[in-house]
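If you check TrEMBL, you get these features:
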- 1-16: compositional bias 'Low complexity' (COMPBIAS)
- 1-23: region 'Disordered' (REGION)
- 53-79: transmembrane segment (TRANSMEM)
- 91-109: transmembrane segment (TRANSMEM)
- 130-151: transmembrane segment (TRANSMEM)
- 157-179: transmembrane segment (TRANSMEM)
- 186-203: transmembrane segment (TRANSMEM)
- 218-239: transmembrane segment (TRANSMEM)
- 260-281: transmembrane segment (TRANSMEM)
- 301-322: transmembrane segment (TRANSMEM)
- 329-347: transmembrane segment (TRANSMEM)
- 353-373: transmembrane segment (TRANSMEM)
Amino acid sequence: MAGDSGNNNNGNSDGGSNRDEEVQIQIADSSKAATSSTHEVPIQNSPVKSWQWWLMVGVNMFFLIAGQTASTLLGRFYYNQGGNSKWMSTFVQTAGFPVLFIALFLFRSKTSSTQTVTSSPAPTISIPKITLIYVVLGLIIAADDLMYSYGLLYLPVSTYSLICASQLAFNAVFSYFLNAQKFTPLIFNSVVLLTFSASLLGVDENSQGTTSISHGKYILGFLLTLGASATYSLILSLMQVTFEKVIKRETFSVVLNMQIYTALVATLASLVGLFASGEWMTLQGEMHAFQSGKLSYVMTLLWTAISWQVASVGVVGLIFVVSSLFSNVISTLALPIIPVFAVIFFHDKMDGVKIIAMLMAIWGFMSYGHQLYVDGKKGRKTTVSVEETS
């Protein structure tokens, strides 16, 4: 199934016709890894394309921040109300993928009458190759989700957030080796500020909760969360490599296909784990014992699943239109934003440390955003110069 979707617009003889039916998204050229560009920003050759690109970045940022915030709050609510299944927590992180078929259908239907002229034919992708990529990435995602589930169960939220902030450092390493990511002072400043912002939440004593978890489980949770952060960064870089070197398609449908079919594999793997571990037998009792009621239990799991998919679309979309590092930066930006909503919904205390963490996150994001603006401006000047000399 994954191969059919991934190659529906590539392997057929009428690939050019199908390609014309999809919206083309301006992204960095696949050969950017071999260039001397300081950052992975597409060269915009007109104000319209520049506006479209920034719109796509903004939409995906909203999806990521809103989805991650909602899913984290709902995940905490699940544990607070008596939920205890690690495999169920893992399962809902990808189980909402069927809702993406609606977006895929609407996107294709909306653009079925719009034709876009392209300068070169779409590359042909081997069905076994793209299927293998979806399966491998899906299994890695399932393992990553399970590690995060154990980490959230065995660690205080503040410690969990502190360790999760390490994903930026891991991503910097993976991006350097796999994606030829170059670091400018502005990007380095952004990464440092966002890391410190999330770290402040971890050292804030007011956010430290009491826990009855044994020392052994605490160490296990620490190591699993650290491993999950590294694995998450690796997934982002591998997805970027897949977009650039394998799929080579500049349409939003490939973003949805990537998310749908890797989530399908991850969901099936989680389902196998749920039954193999025997946790499925405890779910009925867990639902009856849920403090806010059975309906609340079902709705919590349902909306957690949907929220995770919204966040995942934002993650993959930002990888597609910008880079894996930028996607990780925005993901980290959500960490100090979450306490703001926790104050509203869970009546958490908003102290000075959390306010400073949020301001540092905004500063770091603005630093990175300014780098994007500078690189985009340089790209447009380069394009104009080339057009004037040709």
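Don't overthink the numbers, they just go from 1 along the chain as shown.
A Cβ is built for glycine as well, from the same backbone N, Cα and C atoms used for every other residue.
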Task: Contact check, the transmembrane segment (260-281) vs the transmembrane segment (130-151), 3+ Cβ pairs under 8 Å, seq sep 6+ - done: yes
Open item on the list: Under 8 Å between C-beta atoms and at least six residues away from its ends: which parts of the chain pack against the transmembrane segment (301-322)?
Closed with: 25-27, 40-42, 53, 56-57, 59-68, 70-71, 74-75, 78, 88, 92-97, 99-100, 103, 236, 239-240, 243, 252, 254-256, 258-259, 263, 330-331, 372
